[in-house]
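Here is the structure we will look at, set down as structure tokens.
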């Protein structure tokens, strides 16, 4: 009887589990393909909408934007399909003021331009709805993958894009944005940027107004993105946020000492926070001392370092395609993702770990952020109304006299 049991056990060990026994362990390309069939590859940051703005002024219907055949940059539909992409956070980036030290209270066009970028991103998805699906929640992202479409989500890259206004942030959320990077390459009313520290200025972290922003993002269910912020800002936010954070396109500081990357103490805190660091590919970030020699294995090294320090539950992918001209050998455009996953498996990751890396982790974070927001809203917490100290409420507030009654014609709507 014992012999029979052993024989049956031996037979059951040969039964393939989800195809696992049908692919040799050393066939990394086929194993990568299996990973990408079973989990959506979700990239945290792609600047195609800004490339469209620069090349066509956001005009996509006149036949001059061949997204369905071939574009000049890093991203188009054929290459996304070749890259087995399951989801993309499209950055609706608008640059910081030309003078990063300009007074933040000076009216700017960034908020208007951000709305235009949200608009073109959503119109692009609608135009190519056979292949793309706009989603504003993780459940929809999973459904898009099941239906063979590429989930398309929206992220804002810097608080300057909403004029350092929590009310404007809310409206951007209602328009479809699901994450906001707290800063780009300029400080704002909420936080210090990494670029400020890189320029030799002090790292002041979050401002006194910063916690109000995090409170509202947590309440809304908007992902807090800590790429581009200073190291002290990272630490300050992680002390107060009630929800997991993301780094939409950052790598490991211990591997490459660029201030855009995440130091080990922060990686450990991200693990406690249940967040995710989505590794970027920018050559000067991943190999600051010799960017020209960066290759796919350089990126793999960053992935494994984050996995070793924070755990495989806290690492993802955020290439920054169409947002840089510096890309490692082997990762020249979005079609190269299967090759990256092949190299991750070859370096020793399991298929379970690879599935977490490509998309399961960021979906888990997004789901938890939504759940926490619903709990906060059910508790009766009201929208934040706070503004930063000293802000002028309107342009008229700078005038020396207050006029009662109907405004003169020059101030009116006529």
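Glycine residues also receive a Cβ, built from the backbone N, Cα and C atoms like all the rest.
Look at Swiss-Prot and you will find 45, 47, 157 tagged as Zn(2+) 1 binding site, backed by sequence analysis. Less than 8 angstroms from the CB of residue 157 (Zn(2+) 1 binding site) sit 45, 91, 92, 93, 94, 180, 181, 184, 228, each of them six or more residues away in the same chain. The secondary structure of residue 157 (Zn(2+) 1 binding site), as reduced to three states from DSSP, is extended strand.
Just so you know, the Cβ of residue 228 (Zn(2+) 2 binding site) picks up 24 other Cβ atoms within 10 Å once every protein chain is counted. Sequence annotations record features per position, and here Swiss-Prot assigns Zn(2+) 2 binding site to 157, 228, 249 based on sequence analysis.
Residue environment of residue 320 (substrate binding site) contains 24 other Cβ atoms, counted within 10 Å of its Cβ in all protein chains. Look at Swiss-Prot and you will find 184, 260, 320 tagged as substrate binding site, backed by sequence analysis.
Summarising the annotation, Swiss-Prot assigns disulfide bond to 96-186. All protein chains shown were included, and the count of other CB atoms within 10 Å of the CB of residue 186 (disulfide bond) stands at 22. Residue 186 (disulfide bond) carries a strand DSSP state (E or B).
Among the features that Swiss-Prot reports, N-linked glycosylation site is placed at 392, with the record citing sequence analysis.
Swiss-Prot lists 1-20 with the feature signal peptide, giving sequence analysis as the kind of evidence.
Listed binding-site residues: 45, 249, 260. The one with the lowest count of other Cβ atoms within 10 Å of its Cβ is 260.
Within 10 Å of the C-beta of residue 184 (substrate binding site) there are 26 other C-beta atoms, taking all protein chains into account. For residue 47 (Zn(2+) 1 binding site), the nearest neighbour among the recorded positions 96, 186, 249, 260, 320, judged by Cα separation, is 320.
Of all Cβ atoms in the shown protein chains, 23 besides its own fall within 10 Å of the Cβ of residue 47 (Zn(2+) 1 binding site). Apart from 45, 47, 157, the residues listed for Zn(2+) 1, the same chain places the Cβ atoms of 46, 50, 89, 91, 93, 155, 181, 248, 249, 320, 323 within 8 Å of the centroid of those Cβ atoms.
In sequence order, 45, 91, 93, 158, 181, 184, 225, 227, 248, 250, 320 are the residues of the same chain, not among 157, 228, 249, whose CB sits within 8 A of the CB centroid for the Zn(2+) 2 site.
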